[in-house]
Amino acid sequence: MGPIRPALAPWPRHLLRCVLLLGGLRLGHPADSAAALLEPDVFLIFSQGMQGCLEAQGVQVRVIPVCNASLPAQRWKWVSRNRLFNLGAMQCLGTGWPATNTTVSLGMYECDREALSLRWQCRTLGDQLSLLLGARANNASKPGTLERGDQTRSGHWNIYGSEEDLCARPYYEVYTIQGNSHGKPCTIPFKYDNQWFHGCTSTGREDGHLWCATTQDYGKDERWGFCPIKSNDCETFWDKDQLTDSCYQFNFQSTLSWREAWASCEQQGADLLSITEIHEQTYINGLLTGYSSTLWIGLNDLDTSGGWQWSDNSPLKYLNWESDQPDNPGEENCGVIRTESSGGWQNHDCSIALPYVCKKKPNATAEPIQPDRWANVKVECDPSWQPFQGHCYRLQAEKRSWQESKRACLRGGGDLLSIHSMTELEFITKQIKQEVEELWIGLNDLKLQMNFEWSDGSLVSFTHWHPFEPNNFRDSLEDCVTIWGPEGRWNDSPCNQSLPSICKKAGRLSQGTAEEDHGCRKGWTWHSPSCYWLGEDQVIYSDARRLCTDHGSQLVTITNRFEQAFVSSLIYNWEGEYFWTALQDLNSTGSFRWLSGDEVMYTHWNRDQPGYRRGGCVALATGSAMGLWEVKNCTSFRARYICRQSLGTPVTPELPGPDPTPSLTGSCPQGWVSDPKLRHCYKVFSSERLQEKKSWIEALGVCRELGAQLLSLASYEEEHFVANMLNKIFGESEPENHEQHWFWIGLNRRDPREGHSWRWSDGLGFSYHNFARSQHDDDNIRGCAVLDLASLQWVAMQCQTQLDWICKIPRGVDVREPDIGRQGRLEWVRFQEAEYKFFEHHSSWAQAQRICTWFQAELTSVHSQAELDFLGQNMQKLSSDQEQHWWIGLHTSESDGRFRWSDGSVINFVSWAPGKPRPIGKDKKCVYMTARQEDWGDQRCHTALPYICKRSNSSGETRPHDLPPSTLGGCPSGWNQFLNKCFRIQGQDPQDRVKWSEAQFSCEQQEAQLVTIANPLEQAYITASLPNVTFDLWIGLHGSQRDFQWIEQEPLLYTNWAPGEPSGPSPAPSGTKPTSCAVILHSPSAHFTGRWDDRSCTEETHGFICQKGTDPSLSPSPAAALPAPGTELSYLNRTFRLLQKPLRWKDALLLCESRNASLAHVPDPYTQAFLTQAARGLQAPLWIGLASEEGSRRYSWLSEEPLNYASWQDGEPQHTGGCAYVDVDGTWRTTSCDTKLQGAVCGVSRGPPPPRISYRGSCPQGLADSSWIPFREHCYSFHTELLLGHKEALQRCQRAGGTVLSILDEMENVFVWEHLQTAETQSRGAWLGMNFNPKGGMLVWQDNTAVNYSNWGPPGLGPSMLSHNSCYWIQSSSGLWRPGACTNVTMGVVCKLPRVEENGFLPSAALPENPVALVVVLTAAVLLLLALLTGALILYRRRQSAERGSFEGARYSRSSRSGPAEATEKNILVSDMEMNEQQE
């Protein structure tokens, strides 16, 4: 039962429920009901037009004039998958389409209903309610209800009791901890024990911990996790460092992106791990000892204007970078800690999924942000020194080394400058540094490398690093720190550099207050160059303006982060209050302006601000949101106010804004456009090719390489010009024709220290917004904004999505040429039909590919030995090191691990070095070529290498091939016909499996040859023929040297290589005979089924496929043609129907449902191949039953089945809130659900679904062993984060009550492999619990049963491996078994145990016939019943206490006494394979 362990055995529990009901008690969910009125995400839906609230009444919904917040039937909440849940009905709001009525029916439905009709967009929900309720205007209304259609249509809907719209209470993902779902978010609502839960619950747990299911039905899938809890202690799930009081949570069992991990920590009142001291690093290293993992920490470089920082605002003063780290900071912006390097740090791509570490300080969950404080003291300083905040400062203009500068300061009685706040930094940049570009400060790491400290011995409490800093550039001992640039950012530099410096020393206290008043009136506070006054009356906005004017001042303006820090300090003690500023949206246009008319160059918005409504005035918040800006109603909201009176020069906006202001008369670079009223030029970067689309950070990098920025928008006029520019390029057509065409703009909320608020990447203030009214906008994930071509509004998007983009550049500025450095060949070199250019400067693979595209080229592909030799000869001329690596265009996709050329050409030639390519993995791999050996290898794509571009007139990309001509004729008996070819699979009998040449000879004897697969359609036919094939099959592809070709030299126009293939032919003794031949894989793993692999032609035996043309003298087979629309098609016990007519996705679903079907579910590559033939036959893309949540790229089947198999086109799924279809080439693509496609595939229901095998018993679910995963009759616990010897693995599993992994059949092997493959970065494999029994001369499992199933990898199991000294393991990357030594080797551990049977009451025992015995039994039963009643009441009270947040009874701890053997396990989500098994 997964997380559920009943407090009582099943029979007394049901009996007890009856007794309690008789006694007036009710077993329910006290936490759910008691907290209902306090839940902030629950609301009432109010209709302005009907003057009533929406209420669920049975299966219908009505608008009731009396709104009652305590009535569950009127209480609603948004839940996952964009559904609206009613707390009274415990159902979801939806629509239905009765077969006898064309009117859509609004009502309440079970939340697991298989239809998209339960999903709503919050921005259009009101309109939909008006339309659907208005359709019932003529129906008879119940007494007390109002259903006036005209009123409803014209009415406005909002949250009752507030001015908030229906999008104001969105649903946020809740990420689980522990359990067996590796951190996957809760599915809300979920069903457990035939009841629906709309939030986390402790039901079913004795320990009172809150949990949730991560799929819709817990009873079906048994996937679950604990819910995050914000508490002030570190009792549960945390380790506590007694020395520092910091608490740590290691989530080895979870795999989330950086932003998701950050959100998970935040949901627990914590943050991702920060490490600020050597002691802390040492403590963390101790907790990681014995583990193998890479984990997210809070280190990030997500602020595009700043450097590396901690997400919890800790100062970045200690670093533990590994050698050559950080690398590729432009695209890898998040930090990890690695056990492999003993706690060293690396930077990674923030979007990959990894385990993570949280950190928190107990009793510190709700403290407000501490602003910079101002010392109210006056000091005297020596001549040439300037006073500020109790200290004196002096600029030393003479250029010296850092040490010489320090000695000079010491001679003057001070030390090099230390900086402890933003206010002090402002004083330094404005008053002391002035026009000096760069100078020394006292920060250094001379005592201990990468442990920065101030030379005056003061505590490092504040840091302000420059972008990409500190980096200890190329390990060049940059031990001293400079301050430079207009923002005063910091950079680590070599200490012997000669620069000016600033000295600092304590001032002499004098009488009076600091700075006097500088002319400010009494009660006002001076901050250069103005006086500030806090108005303590709570007034509306117009009164605040008038009151400031009466004092000869204006409402406060805030033009940079320094002024923001000062104003925050003024209001620090006013917790819970708001203060008006001079910022407002005057004309309700969405454009904010200062009352003075100045442009907004700096903003500091709170989360979800300025919101989506137009209009409003801006006030400063206090408390935990100290100083953050929020939009309030100007006429009804009352707040205090801040007046500002300027005494000096006009305020200078903070850089980096567009400063200096660009000219209106400057010209635009070629290809860029502008308007006479605008100061910038604009260019759209758009391509049909997915390879040329970019993530947000990549697009930003492209713009900046050109000397431009991603588009920022400051006004409606600027956006209107951009809209017209897009319309000229893409045409002014209907919005649906532009659906899902998005362009990156510079707006983002990537920086965790900005409180989820939006910022422009070029530093422009966020004063104008044009967001589409987003629905269920998950702030934790979507951190970048796009401009939507269809609506010309903005949409929040996940930053790693690959899209087009728009750049802007100031008028009069020239576009920079690509910075490609010194080039060995300045001209293109021609060879055969192509031209090549060799770039000697080093770039990452992605940057190299981008530079190639600037020349209308691609990174080079290689298709022959002659081309390889040509490249090698030129590389040797340019390479000083003959082992120099050069990038070429071969790379893998993150989605499937398959190699492909960047120019889209087929892989017909390989030249791998020995041992290459490395085993496939999750990370993208890119391929290099060495200069001298001319061989290839693969490595991380972010490595900087020289590279080669190639361009030719012919495109290498493959497109769908035309259908072969319809040829009359048929096939002989025993052959299967497809179009104009006959096929025959041979090798069912193992005796018939032969070497490649023998297979070809056998085909020739049958007047045929080994199969040639010319296009995806033929591949689909063959794959669809494989379900009953249990062996690999030779095909006609072979390689004699390094190139592959078909028999009879047919051109190789199509390939279907498996992930990591082809690995290349072995060296041939002679150049004539093939040494590497291709097979089609039968693998039960969906990633490999039907794919090609190259094998030894002479050492391996396999089945094979023969092929020949049809015989005109024979009649064609009825099954030879492609499927026709309208007909029912049967395949693998499934039935499909093809629809061919223009349909939107929802229309297709309705049409399928009207025919007792649904849009098709594609569970495996066999069904995919079958449907590929259907799409190709109709020459049209076909809708399938796959759709995403609104605003998300997470796609799921209508049937709620997990997406275990996918056939996405490269770069897909691209669209958020979209629907999926099978394209004519068989791949899946996504588009707007409102797009009209030319057809769909229905999956026809034939009676009730086949029964699912149910297995008795459950898996352990305690806090310390919660990650057991059920599969068939057993439970499995994966410990890939632990590396143990074979003996230790046996001991660990024995302590858990199980055994080391045994694998009894291929299905179980695939199940295990799916888990290990996802965690291969932690462990190369896991131990198998087998050993050699010398008495029987055989391998046996731990229970001494013989090993009857095996999956040995090449070269197989030799006699030398059959001994007591041999141990055996399963490889993470391939699922193959390997023999090896038992000692000095560590592997991951997988423990296995049978499901635990639950002891239940057996009702078959009859009552005794003896009356005395009967009395005794009845008396005992009554006593037992009373005891159970008492126990139940105690349990009920305990649960009530637990559900109020008390975890007093929980004593889980992963403390120092519990080493890795007792640690929480790292797990990967299991596929629901067991759910699909059918009884034989």
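The backbone N, Cα and C atoms fix where each Cβ goes, and this holds for glycine too.
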- Item | Annotated residue, N-linked glycosylation site, per Swiss-Prot; candidates N363, N587, N633, N1384 | N363
- Message: For the candidates N491, N496, N953, N1348, I need the one that Swiss-Prot annotates as N-linked glycosylation site.
- Response: N1348
- Record (Swiss-Prot) lists N-linked glycosylation site for one of N1028, N1133, namely N1028
- Candidate in C495, C503 joined to C480 through a disulfide, as Swiss-Prot lists it: C495
- Note on the structure: Check: min Cα-Cα distance from C480 (disulfide bond) over disulfide-bonded residues C212, C617, C634, C807 goes to C807
- Query: Taking DSSP states H, G and I as helix and E and B as strand, how many residues of the domain 'C-type lectin 1' (243-359) are helix, strand and coil?
  - Reply: 20 helix, 40 strand, 57 coil
- Message: Spatially, and counting Cα to Cα, which of the disulfide-bonded residues is closest to C92 (disulfide bond)? Options: C334, C409, C852, C1233.
- Response: C1233
- How many whole Å apart are the CA atoms of C807 (disulfide bond) and C503 (disulfide bond)? 42
- Query: With every protein chain in view, how many other Cβ atoms are within 10 Å of the Cβ of C926 (disulfide bond)?
  - Reply: 24
- By the DSSP assignment reduced to helix, strand and coil, which category contains C495 (disulfide bond)? coil
- Message: As a quick check of your reading of DSSP, tell me how many residues in the domain 'C-type lectin 4' (677-808) are helical, how many are strand and how many are coil.
- Response: 35 helix, 35 strand, 62 coil
- Query: Where's the emptiest Cβ shell within 10 Å among the disulfide-bonded residues C350, C634?
  - Reply: C634
- Same chain, |i - j| six or more, Cβ under 8 Å of C409 (disulfide bond); the result in sequence order is Q396, D415, L416, S501, C503, K504, K505
- Relative to the Cβ of C227 (disulfide bond), which residues of the same chain, six or more apart in sequence, are found under 8 Å away? V174, T176, I177, C186, C200, L210, W211, C212
- Task: Give the distance between the Cα atoms of C1233 (disulfide bond) and C111 (disulfide bond), rounded to the nearest whole Å.
- Result: 21
- Can you check which residues sit near C1219 (disulfide bond), meaning Cβ under 8 Å from its Cβ, same chain, 6 or more apart in sequence, and list them in order? W1145, W1183, L1186, A1187, S1188, T1230, T1231, S1232, C1233
